[in-house]
Amino acid sequence: MTTAQLPLWPAPLASGPVDAVVPVPGSKSVTNRALVLAALADGPSLLRRPLRARDTRLMAAALGALGAGVEELGEDWRVTPGTLPPSTDSAAPGAARPALDVDCGLAGTVMRFVPPLAGLLDADVRFDGDPHARVRPMATVVGALRGLGVAVDDDGRGTLPFTVHGTGAVRGGDLVIDASASSQFVSGLLLAGARFGEGLALRHEGPPVPSQPHIDMSVEMLRAAGVVVDDSAPGAWRVEPGRLRARDLDVEPDLSNAAPFLAAALVTGGRVRVPGWPRRTTQPGDALRWLLGAMGAAVTLDDEGLELRGTGELRGIDADLHDVGELTPVLVAVAALASTPSTFRGIAHLRGHETDRLAALARELDGLGGDVTETPDGLEVRPRPLHGGVFRSYADHRMATAGAVLGLVVPGVEVEDIETTSKTLPGFAGMWARALG
Ligand SMILES: O=C(O)C1=C[C@@H](OP(=O)(O)O)[C@@H](O)[C@H](O)C1
Ligand SMILES: C=C(OP(=O)(O)O)C(=O)O
């Protein structure tokens, strides 16, 4: 794919230690789960301060196409279930079955969470997305739906596009999947499972499932909606059939989107405070406290939020990021600026993210004079003096923010298509400029 025509953003060089308070918008993962659960619930729900970004607007539009209503009320969103749960007023005799379109963009949560809901509608629902979305792994979703008795038309490649032929009900029951390529396969089925006739008894078979905190987030949010979920056996989940309670919810700040700002404090020896950092959370971004701490940061969490201070020390780490893969790009950028080498493991599944993140990080850092090698399940980073140049983002919001972190201390870094950050963080360039003062 040629990306030569995309604009280049001269990444600002820090003139000194970054010292900023950075309020971070709502969590993508919490917002999109809350939208799905609200669309399936027994009445209207209010999401307070959801993330308003491309991924969450795509989710709102997808649920809208399936019959739910999402209305903006200032900073909040009111969600009305509409024809979800399954409509009883199916098409009149002789009328064509409704054919609906869902644009997944590049949102993993939309492409993995919405198809199981489409099975609950009496309609044909076509799923497609961006060019980069058409190479993300989807075979497990298609296979799971067929295993649940839902017909799906695809071209057999195990990717978008495909069409789900819903019949208005999903039988549910026992299902075995391989979720080693993405935890979202598990989450998507769990979120819809209570609406299946027999509920869902899901079992994973295969190499370990990544991103366990995101599965915990799904289970916790289902329970908060009154759904009975048993996750006591490793690699197995039982969702009892039943109603989902509508509820109002405060969306936590997106801790993974705090990563570049916290990294800015660390690599410039400065200080960044993120207000509203939850004391307890299922978000994987909470691990930044330990990961950046291990790289030299001093981190405190109190009622004012999280504060991270750079201490002047910046060391490499050896870290298994299997559970927190979405933190990888920024951590690799920090590692490239450290005084000692780093090894990141457990993240083979990042090859199926917005882009092949392992290849992209190795290529772009090498392009700035770095020394990064891919391993079968991760990256090895050997710090070297870096020089300026173009840092391509491959339609990946987290590649773009990783480039911004490098540009703080490496003169002449130009990040391609900084606006790709609008997937989860619209206005990133402005936030970055404000944080740098
Ligand atoms: O369920 C979610 O909200 C997510 C799960 C993870 O996906 P993978 O398990 O595919 O890494 C994560 O990387 C992604 O950013 C968001
Ligand atoms: C992997 C990510 O996104 P998605 O939800 O599209 O999978 C991510 O945000 O790092």
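Any Cβ shown, glycine's included, is placed from N, Cα and C.
Caution: TrEMBL annotation is automatic and unverified by curators.
Annotated features in TrEMBL:
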- Glu326: active site, proton acceptor (ACT_SITE)
- Lys28, Ser29, Arg33, Ser182, Ser183, Gln184, Ser211, Glu326, His353: 3-phosphoshikimate binding site (BINDING)
- Lys28, Gly108, Arg136, Gln184, Arg357, Arg398, Lys423: phosphoenolpyruvate binding site (BINDING)
- 16-429: domain 'Enolpyruvate transferase' (DOMAIN)
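Taking the features listed in TrEMBL, we show where each one sits on the structure.
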residue	record	Cβ within 10 Å
Lys28	3-phosphoshikimate binding site	28
Arg33	3-phosphoshikimate binding site	27
Gly108	phosphoenolpyruvate binding site	28
Arg136	phosphoenolpyruvate binding site	25
Gln184	phosphoenolpyruvate binding site	26
Ser211	3-phosphoshikimate binding site	23
Glu326	active site, proton acceptor	27
Arg357	phosphoenolpyruvate binding site	25
Arg398	phosphoenolpyruvate binding site	31
Lys423	phosphoenolpyruvate binding site	24
* Structure fact -> Sequence-ordered recorded positions within 10 Å (Cα) of Gln184 (phosphoenolpyruvate binding site), taken from Lys28, Arg33, Glu326, His353, are none
* Local confidence of the domain 'Enolpyruvate transferase' (16-429) - pLDDT mean -> 96
* Taking just the CA atoms, what is the gap between Gly108 (phosphoenolpyruvate binding site) and Lys28 (3-phosphoshikimate binding site) in Å? -> 11
* To do: Using a Cβ cut-off of under 6 Å to any atom of ligand 2, determine which of the recorded positions Arg136, Glu326, Arg398 qualify.
  => Glu326, Arg398
* Based on Cα distances to Lys28 (3-phosphoshikimate binding site), point out the closest of the recorded positions Arg136, Glu326, Arg357, Arg398, Lys423. => Lys423
* Structure fact -> Among binding-site residues Arg136, Arg357, Arg398, Lys423, close to ligand 1 by Cβ (under 6 Å) are none
* Structure fact -> Per DSSP (three-state), Arg136 (phosphoenolpyruvate binding site) is coil
* Arg136 (phosphoenolpyruvate binding site) to Glu326 (active site, proton acceptor): how many Å between their Cα atoms? -> 15
* Structure fact -> Note: in the chain of His353 (3-phosphoshikimate binding site), residues six or more apart in sequence with C-beta under 8 angstroms of its C-beta are Gly108, Arg136, Gly325, Glu326, Asp396
* Do you know offhand how many angstrom separate Arg33 (3-phosphoshikimate binding site) and Lys423 (phosphoenolpyruvate binding site) by C-alpha? -> 16
* **Arg357 (phosphoenolpyruvate binding site) and Ser183 (3-phosphoshikimate binding site), Cα-Cα, nearest whole angstrom** => 17
* Asked: Taking DSSP three-state, what's Ser183 (3-phosphoshikimate binding site) in: helix, strand or coil?
  -> coil
* Report the largest Cα to Cα distance, in Å and rounded to a whole number, among the residues Lys28, Ser29, Arg33, Ser182, Ser183, Gln184, Ser211, Glu326, His353 that the record lists as binding 3-phosphoshikimate. => 19
